[in-house]
Amino acid sequence: MSGTRASNDRPPGTGGVKRGRLQQEAAATGSRVTVVLGAQWGDEGKGKVVDLLATDADIVSRCQGGNNAGHTVVVDGKEYDFHLLPSGIINTKAVSFIGNGVVIHLPGLFEEAEKNEKKGLKDWEKRLIISDRAHLVFDFHQAVDGLQEVQRQAQEGKNIGTTKKGIGPTYSSKAARTGLRICDLLSDFDEFSARFKNLAHQHQSMFPTLEIDVEGQLKRLKGFAERIRPMVRDGVYFMYEALHGPPKKVLVEGANAALLDIDFGTYPFVTSSNCTVGGVCTGLGIPPQNIGDVYGVVKAYTTRVGIGAFPTEQINEIGDLLQNRGHEWGVTTGRKRRCGWLDLMILRYAHMVNGFTALALTKLDILDVLSEIKVGISYKLNGKRIPYFPANQEILQKVEVEYETLPGWKADTTGARKWEDLPPQAQSYVRFVENHMGVAVKWVGVGKSRESMIQLF
C-alpha cells in the first residue's frame, strides 16, 4: 500500500471542508413552486385562483391530465376557455409549460389556441414550452374512449362518464409501454411511423369496428411536428434551470381534483392521472423539496359530474337551486353537474393527501338566497362514526352524513371586495370551514371576475 492513502486516512481537515460545502449545496434547494389543486370532484374554480396568481408568475405549468380539463378565465370581460393550455398563457410576461405528465392531443392543442386567438390571445406559441417526454393522444385513442364507454354501458349498465378525449386510453398505452412521446415525433419519422402503425393495429385488434386512417393521421402529425418543434425542450432540464437559476415564481396549475385522482379518488369513477400533489413531482420532474405553498380550491357547496357515490348530494329543490344559480354545466362536456351541500369529510381527506397550506373558497355568492345552509361534518357507517374516507364505492354509497346547520345571510355578496363587506353569517360560514379543516382560507370568491376574489391575508 506504499504510495497510496486509504480513503479514511485523509489529511486532517480536508474531509470536513468538503462535507460542509456539500451540505450547503444540498440546502440550496432552489425556488419553490406554488401549487393550485382541486379539493373536491373538479369544477371548483381553480382557473380563477391560477389566473390571480399568474399575474406575477414567471412560469405557469401543467403537470397531468390532458384536454379533459376545463378552465374558464374572464379577463377584461372576455371569457377564455382552456383545456390543455395552462390558463397562465393569458399573461404575456409568463412562460407556460406543459410537463411530461400531461397527455397531448396536438389537433386539440392548436384548435384551442386558435379559438382563444379569436378572442384576443396573442403570440401564445412564443410563450409555450412543451416537455419532450409528454405522451401523445392520437385520434384513435379518442375513438377507443367512446367505444369503451359503449362497452361498459352494455356490460355493466353504467359508464364512467369520460370526456371521450382519449385520456384513459393514452395513459393505458403509456403504462403498457407502447405509447409514443413528443420526443419520438420529433426524431426519426420513419421509426415513429412504424411504432404508430403497430399501436394503431393493436387497438384495431382489440376493437374490430375501429377505423383508423393511418396514412392520413401520419401526414397530419408530420405537419404538427414542425409546428411544435420550436416549443419543445427537455422538460426536466428546463424545470431544473428554472428552479436553480435567478429566483423565479413558478406556478403549477392542477387539473381535475383530489377525488378524481387515479389512486386517491372515488375509483373507478376517476380520471387516469394523479391530480394530487404527488403528480406535481412526477409530472414535471421536480423533487418534493421544491414544492412550496399548496393551495386547495374548494367550492362553497359540492358538485360532481357523472355517476359515482356522492354522500351530500341533494336530489331536490336545493340541488336544483344550486345547479341553476351556479350554472353547473361542464366546460368540456356541457353535462349537467350534480349538486349538494359542502362535505368536510371530503375536504379533510383531500388535505391528508395534499397537505394544503391554505384554501380558496369559491362561489360563496351562490348560497346568498338560502335562509339556512347545511355542512356535512362526519360520516356514520352502520350507526358508528368513521374517521376515514371509505375507499370502496359501495360503502361510500351507504354512509349516513351528519350535518351541522348554519344560518344563511340572505344578502347579495357579489359586490363584496374585502372581508368586512361580507355579512356576519357569511363570515361565520368561512370560519366554520377553517376551524373544521385546520387550514386557513386565503381567498373567498363571490363572482366570476378576477376582482370578485376577496383576499384575506
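Using the three backbone atoms N, Cα and C, a Cβ is placed for every residue, glycine included.
Look at Swiss-Prot and you will find ASP43 tagged as active site, proton acceptor.
Sequence annotations record features per position, and here Swiss-Prot assigns active site, proton donor to HIS71 based on sequence analysis.
Shown in sequence order, VAL73, THR362, GLY445, LYS448, ARG450, MET453 are the residues of the chain, 6+ apart in sequence, with a C-beta less than 8 angstroms from the C-beta of LYS48 (GTP binding site). DSSP assigns LYS48 (GTP binding site) to a helix. Look at Swiss-Prot and you will find 42-48, 70-72, ARG337, 363-365, 445-448 tagged as GTP binding site.
The feature substrate binding site is assigned by Swiss-Prot to ASP43, VAL331, THR332, THR333, GLY334, ARG335, LYS336, ARG337. A 10 Å cutoff on Cβ-Cβ distances gives ARG337 (substrate binding site) a total of 21 other Cβ atoms nearby, all chains included.
Swiss-Prot lists ASP43, GLY70 with the feature Mg(2+) binding site. Under the three-state DSSP scheme, GLY70 (Mg(2+) binding site) falls in the coil class.
Other Cβ atoms within 10 Å of the Cβ of THR163 (IMP binding site), summed over all protein chains shown, number 23. Taken from Swiss-Prot, the feature IMP binding site applies to ASP43, GLU44, GLY45, LYS46, ASN68, ALA69, GLY70, HIS71, THR163, ARG177, ASN256, THR271, ARG335.
Positions annotated as region 'Disordered' by Swiss-Prot: 1-24.
Looking at ARG337 (substrate binding site) and ASP43 (active site, proton acceptor), their Cα atoms lie 9 Å from each other. Under DSSP, LYS336 (substrate binding site) is assigned to a strand (E or B) in the three-state scheme. Largest Cα-Cα distance over the residues recorded as binding IMP, namely ASP43, GLU44, GLY45, LYS46, ASN68, ALA69, GLY70, HIS71, THR163, ARG177, ASN256, THR271, ARG335, equals 34 Å. Around the Cβ of GLY42 (GTP binding site), a 10 Å sphere holds 28 further Cβ atoms from the protein chains shown. In sequence order, the binding-site residues near GLY42 (GTP binding site) (Cα within 10 Å of its Cα) amount to none of ASN68, THR333, ARG335, LYS336. Comparing GLY70 (Mg(2+) binding site) with LYS336 (substrate binding site), their Cα atoms are 14 Å apart once rounded.
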